[in-house]
Amino acid sequence: MRIEARHLSWGVPGRTIVREVDLVVEPGQTVGLLGPNGSGKSSLLRCLAGLRSPTAGHVRYDGADIAGWPARTRARHVAFVEQTADTDSDLTVGEVVLLGRTAHGSPWRGPDATDRAVAAAALDRLDLAALADRPWKQLSGGERQRTHLARALAQRTWGLLLDEPTNHLDVRHQLELLELVATTRQTVVVALHDLTLAVRYCDRLVLLQHGVVVADGSAEQVLTPELLREVFEVDADVGRDDVGRLAVAYRGPAR
Amino acid sequence: MADPVALLDPAVEPVVAPSSADEPRDAGGRRVVVLLLCVLVLLVSLVIALRVGLGGGMGWAEIGRSVGTRFGLPVQPLPRLADSLIWDLRVPRVLLAALVGAALAVCGAALQSVTRNALADPYLLGVSSGASTGAVVVVLLGFAGSQLGMTGGAFLGALLSFALLMLLLRRRGLDSVRIVLTGVVVGQLFTAITSLVLMSSGDADSTRALTYWLLGSMAPARWQAVVLCAIACGVGLLVVWLHSAALDGFAFGVDTAASLGIDVRTVRMVLLVTTSLLTAVAVAAVGAIGFVGLIVPHGVRFLVGPLHRFLLPLSAVVGATFLVWTDALARVAFAPLEVPVGVFTALIGVPLFLLILRERGEL
């Protein structure tokens, strides 16, 4: 599925948070959304997911403007994972993953055999099968994050919008999760803080500053020392690692 | 199991045989057993509660004769006065306690999910106070005998207090302490309005009767209220139960709920109106009984977990049982004096309220 933002703006009264964003994500692409805190990554993702109505511009899935789409239709096209979605409720891992089937079943009955099989496959995929009956309150931060991603996969959508999915994960699970994301056939937009991981797993990078796209392209085009200095306020060397991949080495905060 | 990769691939329709042998085991079975057991306990409670505190030297035989006559059984009818005590006062009272208990417990469970707040309850949020104001106004306007009129007034009052609550919480989020404090403010406002209306336009007799009713008492229960309550509960509980999946989806907040395919605005509106209606019917029938909506769902979650398609029906059954017994206690604890049942639910509810606050680290 092709995800498209045209002249997209969004804000709260008195403050524009996403400004005139033009972004096209081709089917199957994995796009990394970069930018410092407060640059509008989360807001842009929420607009792309249809959770916020743009104050100007459009969001299109495969060319169709999603404004006014029923929530159910939207949820069959894209799945969204928030940065921190916590709950007081004591659902088990398996029950949370089954929430991903909400838009598929009839609202009048519980999950059917298909829903259960899909949820089981998603649990398996995220290495959570053994934790299926564990209550939410007993999970570590990383397990919660993986549960949310399994829930999103259980939605079986062509689009995946992920806000900092590697937060709280240990290194191995960070790599596993991003590898999974990068190899799916789905169209993925993923907000990331870790530039090295972004270079390693994303087909394309988009750099945001104050809600504006300041760079969009390959790692070489986006992660230049000049842009890193301007947007992230860090001094960094950009070079190549042993396998020829772009590598960022920080010298320190920009002086 | 079908190929797990294909199952997650949106390009492939998932095909799973409904009788698939390795279908994950369903914890639903155990929950259904728990529900059936609780229904059984409720039925037994209803029967026993008929007998508890029954005066005038009457016992099971008289209850059997009074009820039996109504169902055309070949029993000797009771004298009119005795029969009336059982059939016109006791039976509707017990049934009404069950219906009101069910309604309030389900309201609490639904509100706790919609507001994402463990302390939500129609009484604590001030909705019961709003409903009381509405009902009192209708009574003083001269529709004292009309259960439907009182319910309508209570419904308007409940909606009004809900609207005020939401207005005050707008843009502020629904965190526990704030929502409860705001609920207290709304409740106090409507209680003050009720007192003002009572003092300015009620005569001494109606003021005394209404004040007693405001504390929440089953004593004035009549068949008319039972019928109205039964219809409203039937419809209301069904509407709430049909939103079980959406209520589950609210667990992680509105954004995740919306991304799961839940129409957050509509669902919230439908549920707030439905819980207002249920609260209004309950308040119009028996006054503002607090804490049932807080106590019961918390207890029930221990039994069947947080999924609403199990939580809601069981809350209804346990809420009914809870209020039937609390009302029985209210009849006999200081006999022959009768204590308004709302006093007892508060005595049980307040410590639990503190316990929940403490558990959440907010006290």
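Cβ coordinates are placed from backbone N, Cα and C, and glycine is handled just like the others.
Sequence-distant contacts of the transmembrane segment (B:32-54), counting only residues of its own chain at least 6 positions beyond either end whose CB sits under 8 Å from a CB of the stretch, comprise 60, 62-63, 85-86, 90-91, 94-95, 97-98, 303-304, 310, 313-314, 317-318, 320-321, 324-325, 327-328, 331-332, 335. What TrEMBL lists as transmembrane segment is B:32-54 (among others).
Under the heading transmembrane segment, TrEMBL lists B:94-111 (among others).
Residues or ranges marked as transmembrane segment by TrEMBL: B:123-144 (among others).
The transmembrane segment annotation in TrEMBL covers B:150-169 (among others).
If you look up TrEMBL, you'll see B:181-201 (among others) marked as transmembrane segment. The list of residues near the transmembrane segment (B:181-201) in space but at least 6 beyond its ends in sequence, with Cβ under 8 angstroms from a Cβ of it, reads 123-126, 128-130, 132-133, 136-137, 140, 157, 161, 164-165, 168-169, 207, 210-211, 214.
Feature annotation from TrEMBL assigns transmembrane segment to B:221-242 (among others).
The transmembrane segment annotation in TrEMBL covers B:269-295 (among others). Residues 96-97, 99-101, 103-111, 114, 119-124, 127-129, 131-132, 134-135, 147, 150-151, 153-155, 157-159, 162, 166, 213-218, 220-221, 225, 228-229, 232-233, 236-237, 239-240, 243, 247, 319, 322-323, 340-342, 345-346, 348-350, 352-353, 356 of the same chain lie 6+ residues outside the transmembrane segment (B:269-295) yet bring a C-beta within less than 8 angstroms of a C-beta in it.
Taken from TrEMBL, the feature transmembrane segment applies to B:307-325 (among others).
As annotated by TrEMBL, transmembrane segment applies to B:337-357 (among others).
If one looks beyond the transmembrane segment (B:94-111) by at least 6 residues along the same chain, the residues whose Cβ comes under 8 Å of a Cβ in the stretch are 42, 46, 49-50, 117, 120-122, 125, 218, 221, 225-226, 229-230, 232-233, 236-237, 240, 243, 247, 271, 274-275, 278-279, 281-282, 285-286, 289, 292-294, 296-297, 300, 308, 311-312, 315-324, 326-327, 341.
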